[in-house]
Each structure stands twice: as structure tokens, then as C-alpha cells.
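Trainee: Before we start, here is the structure in question, set down as C-alpha cells.
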Amino acid sequence: MEIFDYDNILLLPRKCRVESRSECDTSVELGERRFRLPVVPANMKTVVDEKICTWLAQNGYFYVMHRFDLDNVQFVKDMHAQGCFASISLGVKQPDYDTVDRFVAEGICPEYITIDIAHGHADSVKNMITYLKAKIPAAFVIAGNVGTPEAVIDLENWGADATKVGIGPGKVCITKLKTGFGTGGWQLSALKWCARVATKPIIADGGIRSHGDIAKSVRFGATMVMVGSLFAGHEESPGKTVEVDGELYKEYYGSASDFNKGEYKHVEGKRILEPIKGKLADTLTEMEQDIQSSISYSGGKKLMDIRKVNYVILGGDNAGEHLLM
């Protein structure tokens, strides 16, 4: 098995077949909807809030609302009232089951539900998927997070419509340091490994440090890429604004950090400060243009043409050119 990550992989270009990069289509289908980009902001309190999710939905982007200090039922009602699709997060505890029961009682169905726990290959996730499929079968269920082919196979067999791959590769995640487990440092390899057995979409979650990493994720099997740090630190971001030596920053912390939990218990996340980057819309436009460029380098016109390219591994035992596999 090849072990590599984003920083030691480069994709190999093929003959360009478009007159302009603007001809390239970056859109992707997930469930019954098509979205402008294969990118979704991380469902974290310092990355998304109700206002940002509404704007994303209204402008053709996918989103997943976080599950912390939120009335999910009211959120879904509010999104539907504005003509937007609803995409929420659930855990696997009793209050999450109570939320599902409220959806049923009020005749409400969120279009997307992400079962979002740190170690998603678990009986507790199996039970929640089963419950969701029985109670609100129309919802598209994303389950995670996982990092092995066995986990992807199980989640799909349990009824998940998509899986979220990535255990601890994120910028504010310290799972590998605290536990000795995870995909940090080899997230791209883990994605490739999992994609080989997947029959349903994969959302690659974590480890993205540049826009080129999005193309690499698509090449190795991702339908959608969840991004935290690149979306944190915008003017609209919900994180607290902090001034340091005359420079403005936004707080960005992991969902399993003590800052998010409000207590120091089972902590696997940390807090950092992200320099304020400007407006979210400008970053999304730049992302779209960069992914269009990636598609043009792949010799194609559509996003999934990126999957047809070869790649090289830089350094290490697996260094050299790797033909399409």
C-alpha cells in the first residue's frame, strides 16, 4: 500500500481540450441536487452559522450546519421558509433521537443529515442510520468519520448514502497526538484506499491546505471535499475577532476542543487564530477558478475528468510516476 499525503503528490497534466478555463464545469451531484463546487465548509461553530448556510444554499453551494447549541428542527423550518434546502448534523445520543422524533411529529424532512462523530465506525452510528432510514427515509444520510475500507463498507451496508473519510487530519485536530490513531499525515492515501471499495459518494474531510488539494482529493475518489481552515477567518465567519499586534484574526477551533465543549474532557481539538481573509464569496470564486484550471490541466471539461490523470509521488519509498490505477 502506498503511503502519501497532499504535500508529496503532484498530478500529471494531459493535453488541454478547452479554449478557456472558464469552459470547465466544476459542478458536482450529491443526492438529488447539483452544487457549484465539490467543496463544503466544515460543520464547525467557527466556520458556519445560520447566516452563512443560508447564503451558501441560495448561491448554489452545499453546506452542513454544525450541531452545537442549535435547535435543528427550527433551523430546518427556517431554511425551508426561505426556499432553501436543509442540511444538518446529528450525533448519536438520546437528544439526537429526540430531534428525529420531532421531525417526524411535525412532518418535517431535512434534505441532508450528517451523522457526525469522531469515530464513525461504531454500532452507535449503525443504530442511528437504521433509525433515520426508518423514520425519515427521504433524507440523504452522510455518515462519518471513518478512515478504513472496512468502515466504508459497513456504513454503506448499514444504509448511509455517503461516507465522510478523515480521522484527525485537520489543522485544529490533535486526535493522532492524543490517541495514536488517525489519518493525519496520510489522509490522501486513506481516501484512495477507501474509495477503492466505495459504491457511494465519499466526502474527504480534513488536511486541505490549498486549492490544489481539492483537485487531488477528487483524483483519489472524493465527490465532495470538506474544508475547515480555508473557510475560517473570513469577515463573515462566526469565530470571535481578535487583534494581535495590530492585525485582525478570527478564532478557529476544533469541534472536540475544550473551547467548543465548554469543558476539558475527551479533548481532541485545539484553538488557533486565522488571519482575516476578506469575504467568503471572493474565496469561493477563487476556488472555482482554480478548480476550473485543474480540470483544464486534466485534459477534460468536467470535474470527474480529473480522475483520469496519472500522478507522481515526491520522495519516499514510493517515489516516481504512477500510471492510472
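Placement of Cβ uses the backbone N, Cα and C atoms for every residue, glycine included.
Pulled the feature table from Swiss-Prot, pasting it below:
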- CYS173: active site, thioimidate intermediate (ACT_SITE)
- 202-225: NADP(+) binding site (BINDING)
Trainee: Mind giving me a neighbour count for ASP205 (NADP(+) binding site)? Other Cβ atoms within 10 Å of its Cβ, every protein chain shown.
Mentor: 32
Trainee: Look up HIS211 (NADP(+) binding site) in the DSSP assignment and reduce it to helix, strand or coil.
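Mentor: For HIS211 (NADP(+) binding site) - judged by DSSP and reduced to three states - the answer is coil.
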Trainee: Restricting to the same chain and to sequence separations of six or more, state which residues have a Cβ under 8 Å from that of SER217 (NADP(+) binding site).
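Mentor: For SER217 (NADP(+) binding site), the qualifying residues are PRO38, LEU188, LEU191, ALA204, ILE208, VAL225.
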Trainee: Using DSSP, would you call SER217 (NADP(+) binding site) helix, strand or coil?
Mentor: helix
Trainee: Using a 10 Å cut-off, grab the number of neighbouring Cβ atoms around the Cβ of ILE208 (NADP(+) binding site), all chains included.
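Mentor: There are 27 of them.
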Trainee: Where does THR223 (NADP(+) binding site) sit in DSSP terms: helix, strand, or coil?
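Mentor: Going by the DSSP assignment, THR223 (NADP(+) binding site) belongs to neither helix nor strand, so it counts as coil.
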